[in-house]
Structures are given as C-alpha cells and as structure tokens.
Amino acid sequence: KKKKKKKNGRNATPENMPPRACLGLYTVNAVYGDTIVMPCSQGIPTDLMFGKWKYEPENSSPVFIAFRSETKKRVQYDDIAEYKGRLSLSENYTLSIKNARISDERRFVCMLVTEDNVYEEPTVVKVFKQPSQPEIIHPANFLETEKLKMLGECIARDSYPDGNITWYKNGNILQPVEGAVVMSLQKVVDQSTGLFTTTSSLQFMPTKKDANAQFACSVTYYGPSGQEKIPSEPVVFDVHYPTEKVTIKVLSQRNTLKEGDNITLKCSGNGNPPPQEFLFYTPGESEGIRSSDTYIMTDVRRNATGEYKCSLIDRSMEDSTAIIVHYLDLSLTPSGEVIKQIGEALPVSCNISSSRNATVFWIKDNTRMQTSPSFSSLQYQDAGNYICETTLQEVEGLKKRKTLTLIVEGKPKIRMTKKTGSNKSKTIVCHVEGFPKPAVQWTTTGSGSIINQTEETNYVNGKFSSKIVISPEENVTLTCIAENQLERTVTSMNVSAISIPENDEPNDGNREKVNDQAKLIVGIVVGLLLAALVAGIIYWIYVKKSKTPSKHVNKDLGNIEENKKLEENNHKPEV
C-alpha cells in the first residue's frame with residue numbers, strides 16, 4: 001500500500017537527500033535497438049524499504065514492471081510480455097531496457113518507498129531511428145521534352161519519427177512548378193515496428209538543356225542530436241528531343257579525293273535519339289536513296305564530282321556538301337618500243353589533262369632530264385628508256401607515267417687507223433659504229449705474225465673499236481669486216497714491212513689509202529731519175545748548137561741564155 005506524503009517537509013525528506021525545488025520531467029533520448037538507461041536521479045533515502053518502476057500508458061492505469069527490496073536485497077520483474085527479458089534494475093535503482101523499441105517511447109516513473117513517504121520521479125523516453133539512405137526507385141527509361149512524365153520515386157525506409165524528402169537537380173533544390181514539376185509525398189507506418197517509410201514521387205517536364213542533368217533526393221529527419229539529412233545517389237536520365245538540324249560529312253583520311261577512291265558520306269541529326277535513316281541525293285538525281293546514316297560509293301570516277309545532299313525521311317530538313325574527284329590523264333606519243341634508223345627524225349609529245357595544274361618531268365635511264373626530248377636527227381646515244389611522269393602536288397597519291405623505249409639502228413661504219421711502234425710492231429685499230437652491235441672479223445694477206453689476240457673496247461652509244469698488233473715481215477693487207485643484221489661492211493689497209501715510226505693515219509669508207517713511207521721514197525727516186533734524163537737532153541742540145549757558124553753567134557748566144565734559163569727552170573722541179 002502507498003503511504004500518504006506527510007505535509008511536513010522536514011519529516012518527508014531524509015537527511016541525505018538533496019532538496020528539490022520541484023519534481024520536473026527527466027527525458028532520456030534513446031536510439032532504436034540500443035539500451036535505454038533511466039537513472040532514478042533523486043537520492044536514495046536512508047530508511048528506504050523498497051523501490052519500484054512503472055510506466056503510465058495513455059488513458060490507462062499505471063503498469064508496474066520492476067521491484068527491488070532494500071531489506072531483502074532481491075529484485076523482482078513483473079510478468080509484462082513486451083518487457084520480458086529486457087529489464088535490468090541496479091542497486092541504485094537505475095532501470096535499463098535492452099533493444100529499445102518505438103513502443104518504449106512513454107513516461108516511466110521511479111518510486112522509492114520509506115516507512116513514512118513515497119517518492120516518485122517521472123522520466124520520459126524518446127526513441128529515434130535513422131532512416132535508410134534514400135534511393136530513387138522506378139526511374140523512367142527516358143524523359144521527353146514538352147511532356148510531363150513520371151521521373152521516379154524517392155523512398156526513405158524505417159525512420160522514427162517520420163522524415164521529409166527534398167528533390168534536387170544538379171545540386172539545386174527543385175520547387176514545384178505547375179505543369180512542369182509536380183511532387184507527391186506519402187508516409188506509411190509499419191504497425192509491427194512503428195517505423196515510418198516516406199515516399200516522394202516526382203513528375204518532370206525536361207528541356208533540351210536537361211540532357212545529362214543529375215537528379216537526386218534527400219531525407220531530413222530528427223535524431224538524438226537534432227535535425228539531420230541523408231542524400232541519395234544521383235541519377236542521370238536520358239532526355240529525348242527532336243532533331244533540329246541535319247549535317248552531312250565526307251569521311252576520309254585525306255583532304256582530297258581522286259579517281260579510284262571510295263567515298264563515305266555520313267549524315268547525322270542533332271536529335272536524341274538521333275535519326276537512324278536518311279535520304280541521300282547524288283548529283284543530278286531528284287530521287288533520294290534511302291539508307292542508314294552512312295552511304296558508301298566505291299571506285300569513284302570524275303563524273304562523281306558535284307553536290308551531295310541528305311535529308312530526314314520526311315524531307316523536313318536537309319544539308320549538302322560539294323565533292324571534287326580529282327583526275328589526271330597522260331598520253332605519250334609514241335610510246336612503248338620504237339625502232340628508228342640513225343639520222344631519222346622522231347617527234348615526241350607528252351600531253352596531260354587534269355583537274356588542277358600538274359607538274360610534268362622526263363626521266364631517261366633513271367636520270368631526270370632538264371628538258372623534254374626532241375629528236376631531229378637520231379644518234380645512237382639517243383637510244384634508251386624514256387619516262388614521262390606527271391603528278392598533282394595537292395592530291396596525295398595521284399601520279400601517272402608512261403614509257404618510251406627508243407632503239408636507234410644503223411648499218412656498220414668502219415674507220416681504220418694504224419700506228420707504228422718502236423719495236424717494229426704496228427697497231428691497227430678498226431673503229432666501228434652501228435646497231436645492233438656489229439660482229440668484227442680480221443683477215444690478212446701476205447706473211448707475218450699476229451703478236452696478240454684481237455682486243456675490243458666497250459660498246460658505248462653504238463660505237464666500239466677492235467685492235468690488233470702485228471709485226472709484218474713483208475708488206476701485208478689487213479681487212480676489217482663489221483656485220484650486223486642490217487649490212488656487212490669491209491675496209492682494208494696496206495701495211496708495209498719497213499719500220500719507220502708513223503702517226504695515226506685514218507682510212508675512211510671502202511677506199512684504200514696507201515700511205516706507206518716506202519712508196520714515198522720510191523716516188524722521190526723516180527722523180528730524180530726523170531730530172532736527170534731531162535738535164536742530159538738539154539745538155540746534148542746545148543753542145544750541138546755551140547758548133548754552128550759565128551754569124552749565128554748572137555742568135556746562139558740568145559739561145560744559150562734561153563737554154564740556161566730553161567735549164568734553171570728544169571732544175572727547180574728536181575730540187
């Protein structure tokens with residue numbers, strides 16, 4: 001039984017209890033799932049008999065849950081289902097409740113009973129539960145401009161007390177806008193746990209600028225230390241918007257195109273998602289070719305030059321681009337293998353046709369020529385491989401070339417020379433020209449010996465020479481024979497056995513020129529004999545006339561003077 005409080009304050013308060021101005025409420029803040037600790041904050045009376053804890057339900061009688069006897073030193077817990085196994089009462093009458101629940105949020109009272117008084121002190125328990133991190137559920141696959149669409153729901157589960165949800169776009173708080181930003185908040189309590197689940201749905205009408213925008217939400221709730229906030233992870237939504245512009249491009253690794261290249265046209269729209277099909281228009285064609293965003297042309301020719309277009313399927317918008325296919329033509333006249341005779345004329349022309357100015361140059365036998373070839377009278381050195389090459393400097397890889405293989409043919413021609421050495425040997429050289437290369441043979445008449453074998457020089461520009469060295473014992477005739485597919489040519493030279501040093505002496509054509517020193521000596525001897533004969537005749541006439549009569553003296557004297565003059569004149573040739 002409860003004892004009434006005595007009105008006398010001195011008798012009511014033990015000596016060791018601190019005086020209290022009033023019995024105020026003591027509040028304990030607990031975290032859901034933790035242990036609630038409620039001290040009986042008033043002092044323990046010296047004459048304490050026992051202590052009790054009770055809670056006071058709303059609109060109901062108090063319920064006792066724990067008892068401790070100070071005299072018998074024992075603890076007793078009332079058989080209350082929701083607190084079974086959760087209570088602990090210490091010696092200083094501090095009550096602990098394990099595994100705090102939302103239902104524990106109520107008014108508890110600590111009662112200390114003495115022989116004379118009953119002391120009560122109430123404690124209010126507040127339980128707090130932090131919600132889970134909010135998340136955006138049921139997100140839209142995409143958003144569309146000019147359409148109000150459900151973006152998603154932000155949900156924060158299991159909180160106490162309930163919380164509030166705020167939406168953000170790119171870190172800025174979203175405020176409701178009629179017809180563009182619509183929010184709806186819903187809170188649900190779990191009857192078994194008493195925890196709140198808060199849900200906020202967001203309907204949003206995006207603009208094109210909202211592409212790649214980050215949307216997030218946060219939950220604001222109260223905890224033991226005050227108001228707190230937990231943000232969600234941001235989510236990016238795909239924003240669909242119509243195409244406003246079409247663009248056509250030429251996909252190429254080079255800046256210029258040439259014949260034989262492949263052309264790839266790429267058409268694109270700036271909408272999201274971009275258009276997947278387009279109409280492509282080639283130069284001069286009014287009907288479009290339906291294709292994906294790529295149109296390919298292979299091995300293009302110069303007639304592919306022109307304006308290309310692409311448009312949307314509904315032809316609502318289009319774009320165009322100009323394409324130039326560069327070309328380069330080269331014609332060489334004559335070309336291939338050409339056979340001409342020496343001395344003939346050969347006109348050569350290399351003409352080009354191109355989309356831009358081209359550079360032309362000539363190459364002969366792998367050596368670049370300074371000027372274009374021109375042949376008014378062909379010579380053997382004109383033969384060779386000629387290449388006319390042209391390039392367009394502005395177009396990578398555009399190069400053309402054609403080849404002329406010139407063959408200059410000629411009948412064999414021979415020129416013979418000889419030279420006498422100091423050792424009685426004579427060197428005879430047969431200078432030969434002609435094409436194809438003539439074969440050379442030597443023949444000799446008379447006696448003598450060939451000192452060495454025939455030697456030939458290199459065949460250059462249709463010319464070479466064949467040489468032999470002989471030491472004749474008597475006058476001989478050497479014959480040089482040169483022959484190719486066109487003709488056979490023969491030239492001879494007389495060589496004397498007399499060893500008098502001589503200079504080179506040419507022998508042209510088929511005529512035989514004998515310049516042997518022996519013939520010169522024979523000519524001089526014959527000349528002297530003829531001069532002696534003439535002198536003898538003159539002298540005989542002179543003697544005969546000197547025996548005539550004196551009357552003819554003057555006449556004879558005149559004749560004698562004439563004869564002297566004649567004789568002097570006759571001696572001049574002798575000299």
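Any Cβ shown, glycine's included, is placed from N, Cα and C.
Features as listed in TrEMBL:
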| type | residues | note |
| --- | --- | --- |
| DOMAIN | 122-231 | domain 'Ig-like' |
| DOMAIN | 242-324 | domain 'Ig-like' |
| DOMAIN | 343-405 | domain 'Ig-like' |
| DOMAIN | 412-491 | domain 'Ig-like' |
| TRANSMEM | 520-542 | transmembrane segment |
| REGION | 550-575 | region 'Disordered' |
| COMPBIAS | 561-575 | compositional bias 'Basic and acidic residues' |
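Residue counts for the domain 'Ig-like' (343-405) under DSSP, split into helix (H, G, I), strand (E, B) and coil, are 3 helix, 31 strand, 29 coil.
Counting residues of the domain 'Ig-like' (242-324) by DSSP class, helix then strand then coil, yields 3 helix, 39 strand, 41 coil.
Contact between the domain 'Ig-like' (343-405) and the domain 'Ig-like' (412-491) is supported: at least 3 Cβ pairs lie under 8 Å, counting only residues 6 or more apart in sequence.
Model confidence over the domain 'Ig-like' (412-491) is summarised by a mean pLDDT of 85. Across the domain 'Ig-like' (412-491), DSSP assigns 0 helix, 54 strand, 26 coil.
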